[in-house]
Amino acid sequence: MKTSWFALFLAVLSTELLTSHSSTLKSLRFRGRVQQERKNIRPNIILVLTDDQDVELGSLQVMNKTRRIMENGGASFINAFVTTPMCCPSRSSMLTGKYVHNHNIYTNNENCSSPSWQATHEPRTFAVYLNNTGYRTAFFGKYLNEYNGSYIPPGWREWVGLVKNSRFYNYTISRNGNKEKHGFDYAKDYFTDLITNESINYFRMSKRIYPHRPIMMVISHAAPHGPEDSAPQFSELYPNASQHITPSYNYAPNMDKHWIMQYTGPMLPIHMEFTNVLQRKRLQTLMSVDDSMERLYQMLAEMGELENTYIIYTADHGYHIGQFGLVKGKSMPYDFDIRVPFFIRGPSVEPGSVVPQIVLNIDLAPTILDIAGLDTPPDMDGKSVLKLLDLERPGNRFRTNKKTKIWRDTFLVERGKFLRKKEEANKNTQQSNQLPKYERVKELCQQARYQTACEQPGQKWQCTEDASGKLRIHKCKVSSDILAIRKRTRSIHSRGYSGKDKDCNCGDTDFRNSRTQRKNQRQFLRNPSAQKYKPRFVHTRQTRSLSVEFEGEIYDINLEEEELQVLKTRSITKRHNAENDKKAEETDGAPGDTMVADGTDVIGQPSSVRVTHKCFILPNDTIRCERELYQSARAWKDHKAYIDKEIEALQDKIKNLREVRGHLKRRKPDECDCTKQSYYNKEKGVKTQEKIKSHLHPFKEAAQEVDSKLQLFKENRRRKKERKGKKRQKKGDECSLPGLTCFTHDNNHWQTAPFWNLGSFCACTSSNNNTYWCLRTVNDTHNFLFCEFATGFLEFFDMNTDPYQLTNTVHTVERGILNQLHVQLMELRSCQGYKQCNPRPKGLETGNKDGGSYDPHRGQLWDGWEG
């Protein structure tokens, strides 16, 4: 009995175990399938970008809807910066995740959307990576300043890109490769509303057709960039806007800062009124962006995609309005130009959280790739910020050793490009512990050989004193008489096919052509097949020789006659010494002895263009010069100097011609009676024109042989110069200052309310020497900005004590700290990839606000500085 009960118990137990095991396996299989499905549903990504939106001047204070959605519903990054305060370079960094020195877009003009950018960096934007992994990518709005709409950038399935720079009306967009012009109708053409409608319609359509495909959209607004045209319903808001009046407002001049700050004085009353109106109009344009964010949020909520969508909101750089006396603009390394708004809202983001770590525009691309589940490419300089957004997960309550988040505390701010030659020279100076430049100049000027005004034999340099009392060293210019003597004394020798040493000049030889050879030459010249040697003047400027090779023999075009006033055909004789030249002329002085040179046959290319007496442009657009220029450094230097002098002379001539042309335009006579026959329509006039045409200058005749490609290039360059000239003329002479970037503002600039009716004025916003590289550091103990300018000027601001960068305190910083800052700056200037461009924070002493110091782990490699 016991045995039967025991057997029954075992049977029931085995049945229960089998049932439990099968249910467990089924549960595991189901859980794995669900996790796999969730893994396949990747989140949507929406990047909202504004143009020129600041943080320091209070632009976010009026955007209540955006702050409610993004700040209260997501994470706020209170230390968000851009690595360059320029539109096109910053946007290029956002797309590629690279510093400016790695994508080579330094300004809004140079290389912006150029063929080099299109071939090298555009195929490696985050859009390309996402598109290749199944994301439906779409772009709406402003792309790059110089984008011309002729192509669709790679990686974008839907493309609605603005052609050229920001506008709200009267613009052109490229819709999937087709250009579409818009006018001045608010209901149909207002740019902010247009791209909002386009993006919402695309999202709805895409989810309806491809419900399981994730979407990545960029909505790139033109606001609050100029011309600051607001929607009509917002044109009366904020009449007393004053958020832009910060402690640095109209704080000028600043003699302790770099050159443009020293040059800029306090604003005039008309400038101050302009800043007030400008701030008001900028805030009005942002109201349409605020409405756009609300519409986007509501659309996502209606479609049930809000909890599966990451929304990122930021700007390409900041802005200043009146700060340090600068009426408006960007491009400065100070916080008002490099701080930007930065918010992220998404599935793993805690609402209302604040992130104190530094985030940059170069972090956008790696972050977007990380959201999509992709690794960061090694050539990207930024890092994903998702690790800063991880929620605190419950773990072992007995575990006390939690890893702290290690993040950068320093980054590079750069603007402009240094010439390589100058950069290397400065690099050598900085690393040699030499005296400052002004002290070295002072020592040199104490030497007797530099104190005379280029009067000593062989003197190459002289010291002078400028108007401010500074000593300068200038190179002595050789007088024209010395140059003429030097040219005449240069001997003409055979380039030789000698077997001894082709680089050696062995002097004169006794070689002379035989009588038979000279007879063969004369017969060749009388031959009708030699008529291609048309009579013409080979040169009109002083030179030495020009070589012609015929039947294995080398002939020289004798150009010594160039100094004569009366031009005549030049003889070409076989190469020999001067005495044999004279004998040959006496013996073989027959008329047939001279061979007339034709410039087109000198180098064997009948359609080549003679640019100088030694260089030609061949039909295949390549340049070919005499071998001497490629073999002799002296000849190369002389010819380059000659070309530079010719360019300078032609530029002066062009300037004079433009002045005469302007004079003629101003003194244009009254219109004549066109029914009468003009002088040049008469027979005499026609003959005169034909006569002039048949006696063209040799250079002009050769210029007619330029191919159509070169002519098109010149025509485009001429038109570009004319456009620049018209802009300068529109500004006026008083607003076109050398070395400065200036603008004029008048009553016609703003075409929408509120209008400007106080007349025109001129203001300068930047300078050509405003090139710099800066370190910006933010951590628990330090908050500073250190800058090196291309002029050699240094700036240092401690934001703990001077949050508005009012005073440059570089003179109070210890030399050892400056050396370390310079070394760290040089490392970041050449970094490549996120491993080099995001160094671990250096160990800083826990100093007080009076200052701290770096660990002295580096040598003093740099000692030449100027503050």
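Glycine residues also receive a Cβ, built from the backbone N, Cα and C atoms like all the rest.
Remember, it's a predicted structure, so these values are computed and weren't measured experimentally.
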Here Swiss-Prot annotates region 'Disordered', and of 660-685, 842-867 the range meant is 842-867
Least crowded of the glycosylation sites Asn64, Asn769, counting other Cβ atoms within 10 Å of each Cβ, is Asn64
Among Asn64, Asn111, Asn131, Asn148, Asn170, i.e. the glycosylation sites, the one with its Cα nearest that of Cys87 (Ca(2+) binding site) is Asn111
Ranked by how many other Cβ atoms lie within 10 Å of their Cβ, the glycosylation sites Asn197, Asn240, Asn779 are led by Asn779
Quick note, Asn111 (N-linked glycosylation site) and Asp316 (Ca(2+) binding site): C-alpha atoms separated, nearest Å, by 18
Cα nearest Asn240 (N-linked glycosylation site) among glycosylation sites (Asn64, Asn197, Asn779) -> Asn64
Fewest neighbouring Cβ atoms within 10 Å among the glycosylation sites Asn111, Asn131, Asn148, Asn170, Asn620 goes to Asn620
Nearest by Cα to Asp52 (Ca(2+) binding site), of the glycosylation sites Asn131, Asn170, Asn620, Asn779, is Asn170
Cα of Asn170 (N-linked glycosylation site) to Cα of Asp316 (Ca(2+) binding site), in Å and rounded, measures 23
